[in-house]
Amino acid sequence: MVSADAIRSVVGILGNVIALVLFLSPMPTFVRIWKNKSVEQFSPVPYLATLLNCMMWVVYGLPIVHPKSMLVITINGTGTVIELIYILLFLIFSNGKQRLRVFMMLLAEIIFVVGVALLVIALAHTYEKRSMIIGILCVFFGTMMYAAPLSVMRLVIQTKSVEFMPLFLSLASFFNGVCWTTYALIRFDLYITIPNSLGVMFAVGQLILHAMYYKSTKRQIELRKRKGEVGLTEVVLTSGDPTH
């Protein structure tokens, strides 16, 4: 008979694969940012929230904090690197005020995580206490990560367009939440269960919005393209007139 630990390991590995897909899912967004040399209306908040969440889970998975958590360290360490690359692109292609705001938030996150890790390791002298303190923080920041798209969801409702809320990212968030919730429930880990179960609910909300506004998004994009073509025609027609 297959043991619970073996099942948990398999689910954890699957969770790592799905989480990696989640981390890589914004790639089309950043290819667009790179090509257009602009962040447009894309928000840096989800990526900053994900970075903070990943860094905190790396601390949680350290052998000195919560032993036997290598799967937690590997995927969140990978996520930390990927999110740093995304945020670097935001810094490169955003304007002055936004660039400064993103940089200051990034700096604050790094200082916070390093400070918390040093304090907990120095002042909490058992695995249980260290796991509890870091676990509670992970629950809080994990919930923030999954809730970060709420600002984008509000924009979606206002504009009736999901253009700036990629479907692939919403799907990856849903499957990632389901997988890690299952992983946590096999051998109950409250700190992993809470943020990921909430993540499932937030992702379902995003998918509902995609279903509601998919058609109106296509109409808006097509209308914008037609306006652009009309504008180009007007430029061509008037370019030969010396009075313009």
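A Cβ is built for glycine as well, from the same backbone N, Cα and C atoms used for every other residue.
What TrEMBL says about a protein is an automatic prediction, not a curated fact.
What TrEMBL says about this protein:
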- 6-24: transmembrane segment (TRANSMEM)
- 45-65: transmembrane segment (TRANSMEM)
- 71-93: transmembrane segment (TRANSMEM)
- 105-127: transmembrane segment (TRANSMEM)
- 133-152: transmembrane segment (TRANSMEM)
- 164-186: transmembrane segment (TRANSMEM)
- 192-214: transmembrane segment (TRANSMEM)
In contact by Cβ distance (the transmembrane segment (71-93), the transmembrane segment (164-186); 3 or more pairs under 8 Å): no
Stretch with greatest number of CB pairs under 8 Å, the transmembrane segment (192-214) reference, 6-24, 71-93, 133-152 candidates: 133-152
Contact call for the transmembrane segment (71-93) and the transmembrane segment (133-152): at least 3 Cβ pairs under 8 Å, seq gap 6+: no
Recorded stretches the transmembrane segment (133-152) and the transmembrane segment (45-65) touching, at least 3 CB pairs under 8 Å: yes
Long-range environment of the transmembrane segment (105-127) - Cβ separation under 8 angstroms, sequence gap at least 6: 44, 48, 51-52, 55-56, 59, 62, 64-67, 87, 91, 133-134, 137
